[in-house]
Amino acid sequence: MRNPLSSTRFMEGLFESDYVRSLVVGTVGVFALLGLLGLLFPDSVAGDLAGIVFSTSTATSTARLAAPIVLAGLGGIFAEKSGVINIGLEGLLIISAFVSVYAASVVGIGNAVLGVPALAVGFLAGIAASTLLSAVFAVVCIEFKADQIIAGLAVWLIALGLAPFMSTVFFGGVNTPNLGANVGWLYSAILVILATAGSWWLLNRTAFGKHLRAAGENPKALDTVGVSVSKVRYAGVLLSGFLSGIGGSALALSIGQFVGSGETMVQGKGFIAIVAYLFGNYNPLGTLGAGALFAGLDAIQIRLQQLGYAVPDTLVQTIPYVMVIVVLTLVGRTQIPEAAGEHYETEE
Amino acid sequence: MSDPDADRSASVLARLVGPFVDRTVAERLVISVAAILLSIALGFGIVLVSGRIAECSTAAWTLPFTGVGFCYDPVEVYVVLFNGALGYPFAVGEPGLFNAGWTPLNLSFGLTLSETTLLIFTGLSVAVAFRAGLFNIGTQGQLVVGGLATALSILALAPLLPAGPVGGVVLIVIGTAAGAVGGGLWGAIPGALKAYADANEVITTIMLNFVAANVAYVLVLEVFRAEGSSVVATEYVPEYAQLRPWLFPTSSDFALVALLIGVGFIGALYYFVEHTSLGYDLRTSGVQAAAAEYGGVNAKLTTVRAMTLSGALGGVGGAVWVLMSEGRWLASIPDLGFDGITVSILAGNNPIGVLPAAFLFGILKGGALEIGFRTDVPTELVAVLRGLIILFVAMPEFFRMIGRYAGLGGGGVGPAAEPDGTAGGEGGETDA
């Protein structure tokens, strides 16, 4: 709220009413232009690029790469709307990615537990692990009033150590062996679409969504109405764990392996998820758009390299980060829920 | 803070004041020590549980009375961790408490002190920003940029200056200054964005970490890569322009002079924050921006200055990393900036506290190598401990509650700090 009022109003108007629309129009426009150029000059770089962008392999890898970003981003919306900034999304993705692969390998590909096949068991176990870790984060933040940013960092760092640690204990190395089977890209795409639609409905069309927004914007009012702010915030944080769990499991099981070296196979996707929901202005649809955009850029970059174009991939990966800095600079912090990061105590 | 909502301003104020006024130094110390002990206890449990799960032919440790065997010996892990990090000053399993053949100038202790030295700079970097009410998660990026500036400036100037000790000192001074400028400029970006565009510095600094790592990687890969190098790295800077080990074994990569410079920085920064008018501005705008503004402090400019200073310290950390540890800029940069956050938080963001906190983390990181050499326990255990320590330090209310339940009241854990209903005490940063 520190921008001069006029400019704040202008930006708010721009982003609230037209933001998603301009994002959609802009994206469609770029695609149309590219398609046209590709058709007119099939032998040029534009032709190659259009061939890549409109190929099925790009679409499928975009779906795979977008799943962890969009799902963790949706989770981040729920946590932050409720008033708890969760920058531990990266850690939640890491822990679910590892646990899903571990559980699937314990059951054994081709086997089943009570009729549930190994990959599905892995999926559920990953979600459970991530939800559990987010519950720890919630207790620390809500019950013990920890600084949310520091606690979120701790969640990331704990997962960053714990997943390779457990992998070494169980498999003798930070990378797990490959399961030898993986879930198809279609599952990722369906999960992303279902979760986005569900989140949008939950946030905008239910009483829970209203309570969630109130807990983040004006907890006192919510308290006055007789709704427990703590409970709503717990629900918000647990949902972030649940959704990130789906994302992390989808990421690892679409590859069939957990890679724990360096920054693990998650490689900052949890932070990109934060970027995605800020970029999408806390709107699930916007988050889907931003997540798909970042994932698409990554997918195109991979294909470009396969075609022999020397685009340094690290430079392409930098684009989302630069974009978010630009967006943050333009809109400032006016979009963040008023009470996010603050502790609330019931007045009795 | 031109917030019209007075109620909200009051709560933000209380939140910001909380960590610096309510919590006494003694209380912070108690909480830090308690957090470390609790993490070690939890780590003990983790080693036990994973030792039960892992497979081995003979049990390394058996639970007394029950005969249940474990693959990892949790006692041994900590003996190796702390004793090993110092080069085994204590004799284990032999008669006598102290190891007669021990000298402080050993390789393991050198590695521990090398980590300590680097963490002093990154810890100070985070601490300075924190004192101004800013959370700089970007020390890692500032270190990357600073280190690259150091390496490139020395490589560019080395041919122009005489080779030898005199030229070496000049190069080291210029290189370190270049690191400070590089890191400072990189830190000034989120500072300016925060001050003039109100962009949340937590997010921008995280983003700039990725940008710094990626851009520096591409720059070195495409332009500055050493000829014939199999990794992405610059040329080595000349040996006479490196900080060389003295007294300690060469392979420990620990220069005593760097540690002394680090301690000097601690003193200088403590003096700056506590006893200069600029330091006063910094602290007051960190504690209560509105009051500082009223008192004639330019809060926006102070924000930029604080982030620039913080970034410059991160940049010096990068310079020391290049000149002392690696001798060149190398793409695989350790997580020194993130560890600096832990160090600063553990130190209560006090420059003096950074020294013991950095030493503790030096021991943990030095000891991790020993764990790798001498036990089967994965070295990632230390990374888990690091995360747990941060988590516990972040929740002082937990320890206050334990203190109250244990009947210590205000005695052991300081005054129960809850000024009013809405404040809740904690949350030094993140004003939304």
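Quick reminder: no glycine exception, Cβ is built from N, Cα and C everywhere.
According to TrEMBL, the feature transmembrane segment maps to A:20-41 (among others).
Annotation source TrEMBL lists transmembrane segment at A:61-79 (among others). Beyond the ends of the transmembrane segment (A:61-79), by six or more residues, the same chain brings 85-86, 89-90, 92-93, 185-186, 188-189, 191-192, 195-196, 199, 203, 212, 235-237, 239-244, 246-248, 250-251, 254, 266, 269-270, 272-274, 276-277, 280, 282, 284, 287-288, 290-292, 294-296, 298-299, 302-303 to within a C-beta distance below 8 angstroms of the stretch.
According to TrEMBL, the feature transmembrane segment maps to A:91-114 (among others). Same-chain neighbours of the transmembrane segment (A:91-114): 68, 72, 75, 121-130, 133-134, 155-160, 162-163, 166-167, 170, 176-177, 179-181, 240-241, 244-249, 251-253, 256-258, 260, 264-266, 269-270, 273, counting only residues six or more beyond its ends whose CB sits under 8 Å from a CB of the stretch.
Here TrEMBL flags A:120-142 (among others) as transmembrane segment.
The transmembrane segment annotation in TrEMBL covers A:149-172 (among others).
Annotated transmembrane segment per TrEMBL: A:184-203 (among others), in sequence order.
Tertiary proximity for the transmembrane segment (A:237-259) is limited to same-chain residues at least six positions away from its ends with a CB under 8 Å from its CB atoms, namely 64, 67-72, 74-76, 78-79, 82, 84, 86, 89, 92-98, 100-102, 104, 119, 122-123, 126-135, 137-138, 141-142, 163, 167, 174-185, 187-188, 191, 195, 199, 265-266, 269-270, 273. Summarising the annotation, TrEMBL assigns transmembrane segment to A:237-259 (among others).
Taken from TrEMBL, the feature transmembrane segment covers A:271-297 (among others).
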Outside the transmembrane segment (A:184-203), six or more residues from its ends: residues with CB under 8 Å to it: 60-61, 63-64, 66-67, 70-71, 74, 77-78, 81, 209, 212-213, 243, 246, 250, 254, 283-285, 287-288, 291
